[in-house]
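Everything on this sheet refers to the single structure shown next.
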Amino acid sequence: MMVLPVPVAPWTAALTVLLMVLNKSVVQGRTTPENYLFRAWQECHLTHGRYRYVERYIYNQEEYVRFDSDVGVFRAVTELGRSWADDFNSRKEALEQKRAAPDTGCRHNHELNQRLSQSLIAQPKVHVSPSKGGTLNHHNLLVCQVTDFYPGNIQVRWFRNNQEETTGISTTNPIRNGDWTFQILVTLEMTPQRGDVYTCHVEHPSLDRPITVEWRAQSDSARNKTLTGVGGLVLGLIFLAVGLIMHVRSKKAQRGSR
């Protein structure tokens, strides 16, 4: 069962103001407190595809009259609500509107909210890293950070060498970013062996296919060789760019001297 909000109809809002002035004949013999609270509460219930509308009137935290679409009329909950129920039920046109509220209010607003939520979709961004320097044969924590996604329902799984991991996994609940998007952290306790490939597998309604991000276990020496190779490549590209710039300037200088 889910409960859906329903906007207050104009006539109900006007009636709310009217009800705040309590009928003296109803509360005769009682002293109206200096400060009191009146509340009109509207609910939509959806159960197995069927909508039900409930409207409650509450005075100082005590419900005194109620409309339930399953009943079709207002019913007093306390003695205070008897005259209000009689008055509400005498308003035939307004009563018919209440009886139709499961379709005209609940169903309409639910379908509208669903369309709006489906139009707000953001694909997740996924980043995988160890909590500390990845050393082979040492216990570590692998972190899969999934950010900037909407809606908030998401599935994140861990795989090691194409086999799903089911133990040593911890996850946060989806965390609101302050706008309308979410983020989540899912960690995996592991002791990496040479050649191990860990994969963070993310499924989300915004994606046509899952996002998979890999992290490969490697020794410090292999990592250093990789970094050295990358550094050498970057340095070579820098020298190449400088050489090209000097060559172009030299050509321009030769043309200018002619």
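Using the three backbone atoms N, Cα and C, a Cβ is placed for every residue, glycine included.
Here is what Swiss-Prot says about this protein:
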type	residues	note
DISULFID	C44-C106	disulfide bond
DISULFID	C144-C200	disulfide bond
DOMAIN	124-212	domain 'Ig-like C1-type'
CARBOHYD	N224	N-linked glycosylation site
REGION	30-121	region 'Beta-1'
REGION	122-215	region 'Beta-2'
REGION	216-225	region 'Connecting peptide'
SIGNAL	1-29	signal peptide
TOPO_DOM	247-258	topological domain 'Cytoplasmic'
TRANSMEM	226-246	transmembrane segment
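Counting every protein chain shown, 24 other Cβ atoms lie within 10 Å of the Cβ of C200 (disulfide bond). As a summary of secondary structure, the domain 'Ig-like C1-type' (124-212) carries 0 helix, 48 strand, 41 coil according to DSSP. With the fewest other Cβ atoms inside 10 Å of its Cβ, the least crowded of the disulfide-bonded residues C44, C106 in this structure is C44.
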